[in-house]
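What Swiss-Prot records for this protein:
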- Asp24, Phe25, Asn26, Arg41, His64, Met65, Gly66, Arg67, Arg123, Arg156: substrate binding site (BINDING)
- Lys207, Gly298, Glu329, Gly358, Gly359, Asp360, Ser361: ATP binding site (BINDING)
Amino acid sequence: MPKKTVANLTEADLAGKRVLVRVDFNVPMDKATGAISDDTRIRAALPTIEDLIKKGAKVILCSHMGRPDGQVKENLRLTPVAKRLSELLGQEVIMCPDCIGEGVTAAISQMSNGQVALLENLRFHGEEEANDPDFAKKLAANADLYVNDAFGTAHRAHASTEGVTHYLSPSVAGYLIEKELNYLQAAIETPQRPLAAIIGGSKVSSKIGVIETLLEKCDKLLIGGGMIFTFYKARGLSVGKSLVEEDKLELAKSLEAKAKEKGVEFLLPTDVVLADKFDKDAESQIVKVENIPDGWMGLDIGPESVKVFQEALSNCKSVLWNGPMGVFEFDKFAAGTDAIAHTLADLTATGTTTIIGGGDSVAAVEKVGVAEKMSHISTGGGASLELLEGKVLPGIAALDEA
């Protein structure tokens, strides 16, 4: 069901109103300097924040950072985020002493229309992740309505994503969540065809649900990353010291059989880059998958596989990518992932819809420097996967229907 969004709210709805906005400001911090090392998530929230400012709302932002487990941790305070956000907005952002309590109420009561305040880290209170109703009520007490723009936590029923919606009306989606839903749901429900899905990562177990769902939806399924060795072993091939999930061999067989039955083109790499140890400076060699020697482990897909994958993708109108092709953190084993990133960037330029489905593949396209060239980069890891699996996300379900 489509959800009501910020776009549905007029200046008359918002002027002078206190709007609680759940954002995802869980940004990476440089441990040595305490500075923000990547402000992508802060920038991603700007369209919603700027729209609310323009419409005269009093904007109260709330987010978590890290895993403080209900304790106040000085290194997880949101003060650096408030500073960076004020630079991006070109106006002061009031930093609140907590996320609930008298100090917060006092700070918000002083706000003028168009001002922005940031509450302190929600997870300094254990009640946030427990979705405690009293905590949710206190959080909602300083606001008139609610906007959720934190897609990365939409798959969690927390006080700030689900609990507060019981006390604030309307409760609507922000622009970032709206964009995520538009792209990800369209990708699996009404895609331009052929639709290819590229699934990577080290373990089959973490991607079972998404592979099973995609086998019902896509025309081509390309598998890369460490999980390929479980498929090879299931076929009876020797995989040396490569990562294998022994308890998933039957599942790998059944997924491959299901692809055949559904008429989905199922592609595994034909060659791999091997290493003698898991190390960035390991000895390496490229071999056909039938010739993996004992004592070696596969850490990337090989150049022949890249060509096969590129050929398979060349006529696709929609491509969804989740998970790297190899250990891209080691330059020696990043070629497969880099090549797929460049291939998708080139396809986007010719009109193909390319969606990077959260997690490590986002880091990969950013590392290669082609993030801007993709149609859509999802800000959610687990949330993206669950949405692609067809699961209901509590943070989305709790919002008002359009």
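Heads up, the Cβ atoms here are built off N, Cα and C, so glycines get one too.
Reduced to three states, the DSSP call for Gly359 (ATP binding site) is coil. Summarising the substrate site geometry, the residues cited as binding it (Asp24, Phe25, Asn26, Arg41, His64, Met65, Gly66, Arg67, Arg123, Arg156) extend over a maximum Cα to Cα distance of 18 Å.
Annotated pair Asp24 (substrate binding site) and Glu329 (ATP binding site), C-alpha to C-alpha distance, rounded: 25 Å. Reported as a whole number, the C-alpha separation between Gly66 (substrate binding site) and Gly359 (ATP binding site) equals 16 Å. In the shown protein chains, 28 other C-beta atoms lie within 10 A of the C-beta of Gly298 (ATP binding site). Local packing around the binding-site residues Asp24, Glu329, Asp360 was summarised as the count of other Cβ atoms within 10 Å of each Cβ; on this measure the leading residue is Asp24. Using Cα positions, the member of the binding-site residues Asn26, His64, Arg123 nearest to Gly359 (ATP binding site) is identified as Asn26.
Counting only same-chain residues six or more apart in sequence, the Cβ atoms lying under 8 angstroms from the Cβ of Ser361 (ATP binding site) belong to Gly200, Trp321, Asn322, Gly323, Pro324, Thr337. Across the structure, Lys207 (ATP binding site) and Asn26 (substrate binding site) place their CA atoms 24 angstrom apart.
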